[in-house]
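**Q** This structure is in structure tokens; I'll ask about it shortly.
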Amino acid sequence: MSQKTERPVLSGQRIKTRKRDEREKYDPTGFRDAVIAGLEKTEGDLEQISKYLDSAGNKLDYRRYGEVLFDILIAGGLLVPGGSISQDGEKPRTSYCIFDAPESMESMRNHEQVFVKLIRRYKYLEKMFEEEMGKVLLFVKGFTPSERIKLARMTALWLVNGSVPPNVLLVLNNEHLIKDGIALEFLLELFQTFKQEKGIAYLIQALKKGGLESKLMDFFPPNKRTEEYFKQVFLDKELNEIVKLHKAQASQEAKRELQQALIDDINDEKPYNEITSDIKDFSQRTNIPDHEIIVIIWSTIMSLGEWNKKEELVTDQAVRHLKNYCPLLQAFASTDRSELALILKVQEFCYENMNFMKAFQKIILLFYKTEVLSEEIILRWYKEGHSNKGKMHFLEQMRKFVEWLQSAEEESESEDEQKNGE
């Protein structure tokens, strides 16, 4: 195996560093001075500012000083921790920035175009801008009320045009921004602007995309985290749909909590009457109706089964498993709506789990015999209440049972007529 021979080195020889390996000293103040000097020459004409920024990128190192560039365009100078402007140098700040612009949406949209053109021209600034916004939003407490309004409106515009992702707003979930109501105030202004620009449906979509839909209450000061205050704040700002979103999220969270509590109770072999009492207490606290409770119970008890993979065996296994839980299901099959909801859930489950396709009729028969389901609701499901999932298969499966129910019903009516005639 050949070894690599070392090249001879002359003693005392100095190896010269290539120019491309040399690195200039980091000088954000020098970069700031150059940008401010260029902006001053435009006299605040936004079209001229865009042209200047376009050409300056060929001379100034945007890759290295992108964060400084955005500091200047937003706040007019170098931002230091806390949100104030660095005062180093002869001219540390320019007035040609967002914070010194009028608050009007027309003004904000015009400034938005400066950023759009700049980032479109220098694509590598996209990621830097996203990181910059994470920093700037943390500094909002150090800005004036007017500056916060402008930043909130601009942030809404940047969210709408995709310059920054919605999850950047999560940095506002910070104790020192929350306790004084600054984070909430900022978000309300942002949400209103977003709704005005793009519509409420798009705003809701953005909140879900950013993972904020379940965290909205977290932005409220701790002493104001009540459902009533939440509702009042968003209704006052005509953001009714966010109240609905919050309710839906709270309901989903409550349902997950209920499901876990039910699993724990069953695993602990708690008596069914105690489980029933616990569920009813929980549903009253969380306003979950019986027709939703019964679906949760079904999903939970079916998740606890270890099902045979052979279709011919799974039907009997399912019936034996469900027989144990009929008293629990019966306690919440208290209305026509809850009974129908259960049948539809069983239909959906059997359709989505192919091994259970033949089990549907046996399950419904079990629920009929144990008085979980009434004859009336089974007939209603058959005639008009079924879903389209496996419709023909399940209707055919139920046909003989339904015919038997109908004939039994007719015999009962005939007997009643005879009694009345005597």
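Each Cβ is built from the backbone N, Cα and C atoms, and glycine gets one as well.
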**Q** Which one of SER86, SER414 shows up in Swiss-Prot with the note phosphoserine?
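**A** My reading of Swiss-Prot gives SER414.
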**Q** Can you tell me which of these residues Swiss-Prot lists as phosphoserine: SER95, SER214, SER334, SER407?
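**A** Looking at Swiss-Prot, the phosphoserine feature maps to SER407.
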**Q** If you average pLDDT over the domain 'W2' (244-415), what do you get?
**A** 91
